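These features come from TrEMBL:
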type     : residues : note
DOMAIN   : 42-290   : domain 'G-protein coupled receptors family 1 profile'
TRANSMEM : 25-51    : transmembrane segment
TRANSMEM : 63-87    : transmembrane segment
TRANSMEM : 93-120   : transmembrane segment
TRANSMEM : 141-166  : transmembrane segment
TRANSMEM : 197-219  : transmembrane segment
TRANSMEM : 231-252  : transmembrane segment
TRANSMEM : 272-292  : transmembrane segment
């Protein structure tokens, strides 16, 4: 009799724990997907406005910005897909998983690299205005974007090459949880990751710190009133905040490997909030910093929404 009661109690506890895990997983997935839909919807409006007007797609500054927006949209889609797959599909074929991870890693690296390119463009525009139109052309901007993708894809390809060298080719027929921490778990990957993260972080930070300091100094010298200098300083501080959050995405793979053996609820929450901080929050700042604050984008967005309202009213009045 006691054995039956104990068995019943254990079953009830297991059922409760299972329901709690499902509820926790649903809450996390809903939060991530909801924020992703918001980001993609807002950025989608900017993409639509960009291709509507020639003043945007003929200006290197806006071309780099829209590349950042599209890259963020792709990154969010892939990150959310991988996040949902970690709950719903834990036996992913190796080739499919490796492809997703390479593209996702490339988009992660592209964001800081694009910010560095935008910083260089602003540095040339403000500090060397007479040479800006000669140096920053549309053709060279697209070449820069190609170089960004070429440099960004290198770490992901290196991880795959190490797998091919270290492990037998039969690994491509296996299935596993699709994450960089489980797929790339050799000691060689750990050392390669440290070297790559250090190199990317150092180069990008050197470029950004130098260019933004030069832009800030030039803006203060050129401004006759304090309000313009204060606005430039505020913008640069926002750039720095977004960059800091984006650079944390370089540390995410290391944190995932550290948290992988740990299964406590507190450590899972830390990993989840780390994911939000490094993958989602920076993409919410992009429209604010580069879109809404920009006069041309703001005017076009205002006109876009105002033009929609009369159309709805005319149609309703005809009916």
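For all residues, glycine too, the Cβ spot is worked out from N, Cα and C.
TrEMBL labels come from automatic prediction, so no person has curated them.
Sequence-distant neighbours of the transmembrane segment (141-166) (same chain, 6+ residues past either end, Cβ-Cβ under 8 Å): 60, 63-64, 67, 98, 101-103, 105-110, 113-114, 117, 180, 183-184, 186, 188-189, 192-193, 196, 200.
Beyond its flanks by at least six residues, the transmembrane segment (93-120) meets 61, 64-65, 67-68, 71-72, 74-75, 78-79, 81-82, 144-145, 148-149, 151-153, 155-157, 159-160, 163, 171-176, 178-180, 183-184, 200, 203-204, 207-208, 211-212, 215, 239, 242-243, 246-247, 249-250, 252, 282 of its own chain at Cβ-Cβ distances under 8 Å. Note on the transmembrane segment (63-87): residues 25, 28-29, 32-33, 36, 39-40, 43-44, 46-47, 50, 56-57, 100-101, 103-104, 107-108, 110-111, 114-115, 117-118, 121, 138, 141-142, 144-145, 148, 177-179, 275, 279-280, 283, 286-287, 290-291 of its chain, located 6 or more positions outside it, place their CB under 8 angstroms from a CB of the stretch.
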